[in-house]
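If you check TrEMBL, you get these features:
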- A:20-44: transmembrane segment (TRANSMEM)
- A:33-471: domain 'DUF112' (DOMAIN)
- A:51-68: transmembrane segment (TRANSMEM)
- A:74-100: transmembrane segment (TRANSMEM)
- A:160-181: transmembrane segment (TRANSMEM)
- A:224-241: transmembrane segment (TRANSMEM)
- A:277-306: transmembrane segment (TRANSMEM)
- A:385-407: transmembrane segment (TRANSMEM)
- A:419-437: transmembrane segment (TRANSMEM)
- A:443-459: transmembrane segment (TRANSMEM)
- A:495-517: transmembrane segment (TRANSMEM)
Amino acid sequence: MDPLHYVLAGVLAFFQGPTAFTIFGLGISSAVLMVIAGFLTGLVGGATPGLSGAFLMAVSLPILLQVFGFTPDALLPVMGFLVGVMKGATVGGAVPAILFQTPGTPDAMMTTLDGYPMSRRGQSGKALRVAHFASVTGDTFSDLVLFTCAPFLAVLVEHYLGFTEKAALIILSLSFIAAVVGSSPMKGLMAAFLGLFIASIASGQDSYPRLSMHTEILREGIPLSTAILGVLILGEVLAAFEEMFRARHNARPISEAPPRSNDNGLSLRERWRLMPYISVSAVIGTIVGALPGIGSTLAATLGYVAGHRMHKGKVPFGKGAPEGVAATEAANSSVSGANLIPVLSLGIPGNVGAVFLILAADSIGGFNPGPGVFRFSLSEVNPQLITAFGLFTAMMFANILNWIVGGQLMRACGIMARVPKQILLPMVLLLTLTAIYVQDPRIDSFVFAFAFALLGYLMRKLMIPTLPLVISLILAGNLENAVRQAFSVSGADPFFLFRSPLSVAFLVAAVLVVVLVSRRRDGDRRKSAAPATRAAAE
Amino acid sequence: MAHFARTFAAASALSAALSLGAQAETPTLPWTPSGQITMMIGFQAGGGADSLARVLSDALSATYGWTVVPENIAGRGGAAMAEALKKEPADGLTIGFTVSQSLAYDPQIAMIPTYGLEDFDFLSSVTGSQVGIVARADRGWKTLGDVIEAARAGQKISFAAMTQQLSDGTYVIGKHNGVAFTSVNVQGGRGGVNAVMAQDVDIAWAGGTQASSVSSGDLVNLASGEATPLIMSPDAPLLSQYDVPYDFGAKFLLIAPAGLPEEVKTSLEQAVAGLLNDPDSALHTLTVRNFSGPEVVQGAALRAAMQQRYDQATKLIDDAAE
């Protein structure tokens, strides 16, 4: 079979696979149906604060296996559903991020920075359009790269990144986030280290739960999703309650729902103007996605930083610039396609979503993510390659679905931005507490939730950014594992992180980022302070 | 949009109809649960073992008309689940799905052991692992002997393990053969396979996740870590050939808090055995495809087997500590 026939066989396997039912004699393949079902599930789930794509995938995989069984015919419907959820959740995650400053998925965190201020100006419709356009463009680009480069790129990337380089790269990404987000790199670093410390409670490889001080409540460690929801959402709710209380105390009217702006469309010309940001972010997201073990949160951060650098518009980043939303969404969405490069060619996931695709393939059998997938054998048929092209078709089909209905579905949620704060805040509180309890059904969850809500509130009062804390909570486990593994593999060499040129380069960059950003901020401060001092002296 | 809603509704109706049709008539058992049964799963949601437990809980619900609700209590290699299960009343309404190592090996290395074998009733084993030591096929090694030779010749060999018990195994294999491996801890069932595929380590333990890569020719099983030859590579030598007298295989088990009434125990045992012995059940298919096939050991035989594993773990820990 020549390569073109493999592609054709893959496309046919997706559209003409086992049929679920027939309409007017036309068989509807269950793979097509499952992509649609997955996309809708992911979009609605992603738009619900506290529900993540990973959560939806974890819950649905066992049910899918039960329904479709363990034959190779089950591969495309099951993986199609998971791909649908992955794509739907990425787009959906932007909705609560923009409307409520509540990222539905962790990768949408950076979207809040500009999406929410836009929402407050009454431009939620525009922000959602920007997010959707950027997200789908980034996603489609990334998928195209996956289809064309997967076999070659994977081998190259994996060749250069060992345990040591992975550890150094995570350190670099943490220092990036700490330095760039918030008013001062030092406050950012404090938040990041606090996150690492919290994440190290009762984790690690000891059978004894470290740092738990023999207490019952800390034995199982800090529940990650509860901590994140607590700091990010409940902390914000507390701060908003305080604001409402003060407003009432000062006998001022309670702050009303944001005004409705007339500027909620997204013209072709505006789309064209966003393209440079989207393209740069899509390339960044695709590169990050192709690195095994590094997820979309880092891509979103790097995309945002790159966009920040390029931006010269009148609305600055972080104050509601559409370019900020576009840069973030294009970057985090373009991870998912490229992420399948290491998954399909080496069997190594780069994000949580990809983990479930591997599990599905493992449980069903007949498709073994690894170098064998991309073997274009001419003499005999390689069924795995056909499945791979079937999966690519499923991804493209989900993209087309996203282009056609994704935007409308997203904006259907836009109506929620007009709900007044007095009604919205208790709803967010209830929804978040429900999400926390659903994921971890015990009363201790609420103890953690309120403790982290208080922490989030205090951090807001002290102007310490919460984002570095949250991201270091997520990356702490990966970092610890990578460091431990790099150390063991080096045979207990104390300078293990400095033995490879690439890892040294990453570490130097990590220090440079903090130093340079601190200097620039100091410089800015001096510049702004100088006229004031002069004025005072005069 | 309405079109999608309709097709989606039709698809869900269809799948519901399919699952109803698949239901067999309910066999009679001496005990009927008075309410919902919670099945605590000592693994993270989404893993291979978790899928196995969920298929088991679904099959129990579908076949016997019970309401079995799976609940993941992951953490510390199953210890978190064992601690939680121990505190529940022994009425059959709370059962646990775990792996033998969590009860036989882990409590012995815990700083403060929080449970022991005597805290549980062992209902049934479900299936077993297919532990092997793997390397990339392109390395040219055929058996563990080749790797030991390479190490003796001065080559530095890194060896990935997913658990403390397997790390002990790494050390003991080296010790009994006069070489020292660089032991690397990796996470998750696929950790070892991933590290070998990515060439981050030379060889690794794998608990069954290597099957597909071995059949596609990307990986080779250098040795079987089980007491018996591996199903996927019957020619791979046993570790006893390298003077390592331990069985590193694991069994997946259904357990309950100690002191279960006899009719409850019998009913649960019969229910699980019925599912595993039915070659058409999804549970049976899954154990054959991803594990060592259905293994139904129950009652006194299962308790004796667990005690034997416990004693062997004691020996391994002593051996590795010397």
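Using N, Cα and C of the backbone, Cβ positions are placed for all residues, glycine too.
Each of A:160-181, A:224-241, A:385-407, A:495-517 was scored by its Cβ pairs under 8 Å to the transmembrane segment (A:443-459), and the highest score goes to A:224-241. Within the chain, the transmembrane segment (A:495-517) has long-range Cβ neighbours (under 8 A, six or more residues past its boundaries) at 160-162, 164-165, 167-169, 171-172, 174-176, 178-180, 185, 189, 483, 486-487, 489. Contacts between the transmembrane segment (A:20-44) and the transmembrane segment (A:224-241): absent, as fewer than 3 C-beta pairs lie under 8 angstroms at sequence separation of six or more. Residues 188-189, 191-192, 291-294, 298, 301-302, 304-305, 308, 465, 467-468, 471-472, 475, 478-479, 482-483, 485-486, 489-490, 496-497, 499-500, 502-504, 506-507, 509-511, 513-514, 517-518 of the same chain sit 6 or more residues outside the transmembrane segment (A:160-181) yet have a Cβ under 8 Å from a Cβ within it.
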